[in-house]
Amino acid sequence: MHAYRSHTCTELNAAHVGQEVRLSGWVHRVRDHGGVLFLDLRDHYGITQVIADADSPAFAELETVRAEWVIRIEGRVKARDASLVNPKLATGEIEVYATGMSVLGAADELPLPVFGETDYPEETRLTYRFLDLRREKLHQNMMLRSNVVRSLRNRMWGAGFNEFQTPIITASSPEGARDFLVPSRLHPGKFYALPQAPQQFKQLIMVAGFDRYFQIAPCFRDEDPRADRSPTDFYQLDIEMSFVEQEDVFAAVQPVIQGLFEEFGHGKRVEADWPRIAYRDAMLWYGSDKPDLRNPIKMQVVSEHFAGSGFAIFAKLLENEGTEIRAIPAPTGGSRKFCDRMNAFAQSQGLPGMGYIFWRKGDDGAMEAAGPLAKNIGPERTEAIRQQLGLGEGDAAFFLGGKPETFEAVAGRARTEIGRELGLTEENCFKFAWIVDFPMYEKDDEGKIDFSHNPFSMPQGGMEALEGDPLKVHAYQYDLACNGYELISGGIRNHKPEIMFKAFELAGYPKEEVEKRFGGMVKAFRYGAPPHGGCAAGIDRIVMLLADEANIREVIMFPMNQRAEDLLMGAPSEPTNEQLRELRLRVVPKD
């Protein structure tokens, strides 16, 4: 018999009754029923109930054990009485009568319990993450993650992709976030960077003549934390393909992601229709470039109904160039109480409020419009709005106005809140959409032209498009949205040096700077580069969706906290003076 176990804690069943066995694991919990001890022994695979009475040679020793001690049990498999069978356990038909016990690893008093799902402060959970990971829910999440990665690999290999590894220490590259810099000991004053993504390397793989590449790639970005984003590092399914257009990438990716969600989606419906939605339409209809299509609400522009109307705030606002009034339909939301609640929500988001109209049955039995806006713009305009939005009695509509960029994000959040409050957002399904035609450029906080997304994407229209207004240039850039999250981002790459130089020039990077920062890739493009494109899927976020978790840290084995600190390992930490001298660095005190 093996030194530690003959079986795992999920293998024993009625067929093993009468056998002598050996099990090892953690003490999940102990119950003393008047001279009979019941002990749940847990390992990676499951739980087995162990019993000992006063006649057992192991009884005295078992009385001393506490939760989370690691022990080895010798004993005999017994059938449970029919009334005591536990159908929730794989081993619920049997129990092991203990004849011997050894302590393999004692445990101090626990800072947080493993048994049960008691909610503990995140700081405590992350400081003792190794204990936190023993809890059933987190253990399941990590196994889900492992199985998702395995499935992704199998699906990519099955689709004819080849897995290659790229460097994880390289040169700094402006890709939209701050780099983590690594000082060079051999080259004082110079720094490497941890890659924000394998972007340049995967493109070089295409230039090198390989056709379909993928890897499960670690990425490093010094970002502000969010519930759906790690502040330091994450993993992505990185993909690149040669001789492809946008639709070719979509056709390769959809079977992989759709199949993955069907495999691990716990029976939730996975929509097979993945619409293409232009970025501008997504912002107009949903107030987001990662719309949740489970919510049927679609916003519309209703400016014509307020221009020159009696509602002076909107009428005057529309006299300014680039402004509009947008409506958020709210089917079944036609009560003043609900409208006031949503108005308060808008105020909590930093807006002065939202105007609203709701339709109800009047005293004469006919439908009438109510609310402050209805009184100001009159029945003809309110009826025109109702017809445009397709609303009826018992429905409502909310209104925001201004330049779209000033209110779209809040309008999107209001749409989400309205759909949730009214029960309009469909549960138990995954709905996907490709967001396409992203703007290539945007203005930064200082009013300068900058890349809005990936700087390596091909502009639609090529060089000719770059000769016009940069803010009107669309890129072959696309995202995949699912249930309100961005799962994938990608693009068709700019593989022609002259177009690349022009694209970067418009964003303020002279040719010399591009040569310096991306010299390897520019050089490669001069030696025969194929048209190519690809994308990257966020694995952490995919697992978060599949696990139905609201916080990405629940699906990462050892995550940082919201201040980008590793409380278990004590990172970041102060370097020693010797380390600083070796790197020829010194720490400058804060002012």
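Along the chain as shown, the residues are counted starting at 1.
Placed from the backbone N, Cα and C atoms, the Cβ positions cover glycine too.
Residues or ranges marked as site 'Important for tRNA non-discrimination' in Swiss-Prot: His33. Other C-beta atoms found within 10 angstroms of the C-beta of His33 (site 'Important for tRNA non-discrimination') number 9, with every protein chain shown included.
Neighbour density for Arg493 (L-aspartate binding site): within 10 A of its CB lie 26 other CB atoms from the protein chains shown. For the recorded site, Arg493 (L-aspartate binding site), the DSSP three-state label reads strand. As annotated by Swiss-Prot, L-aspartate binding site applies to Glu175, Arg221, His453, Arg493, with the evidence given as sequence analysis.
Panel annotation: around the region 'Aspartate' (199-202), residues 166-167, 170, 173, 175, 213, 238, 240, 454, 456, 518, 520-521, 534 of the same chain, lying at least six beyond its termini, place a Cβ under 8 Å from a Cβ of the stretch. The feature region 'Aspartate' is assigned by Swiss-Prot to 199-202, with sequence analysis given as support.
Around Asp222 (ATP binding site), taking its Cβ as the centre, 15 other Cβ atoms fall within 10 Å, counting all chains. Positions annotated as ATP binding site by Swiss-Prot, on the basis of sequence analysis: Arg221, Asp222, Glu223, Glu486, Gly538, Ile539, Asp540, Arg541.
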Quiz item: What are the helix, strand and coil residue counts for the region 'Aspartate' (199-202) according to DSSP?
Solution: 4 helix, 0 strand, 0 coil
Quiz item: Distance between Glu223 (ATP binding site) and His33 (site 'Important for tRNA non-discrimination') at the Cα atoms, whole Å?
Solution: 54
Quiz item: Max Cα-Cα distance in Å among Arg221, Asp222, Glu223, Glu486, Gly538, Ile539, Asp540, Arg541, the residues listed as binding ATP?
Solution: 19
Quiz prompt | Arg221 (L-aspartate binding site) and Gly538 (ATP binding site), Cα-Cα, nearest whole angstrom | solution = 13
Quiz item: In Å, rounded, how far does the Cα of Arg541 (ATP binding site) sit from the Cα of Arg221 (L-aspartate binding site)?
Solution: 15
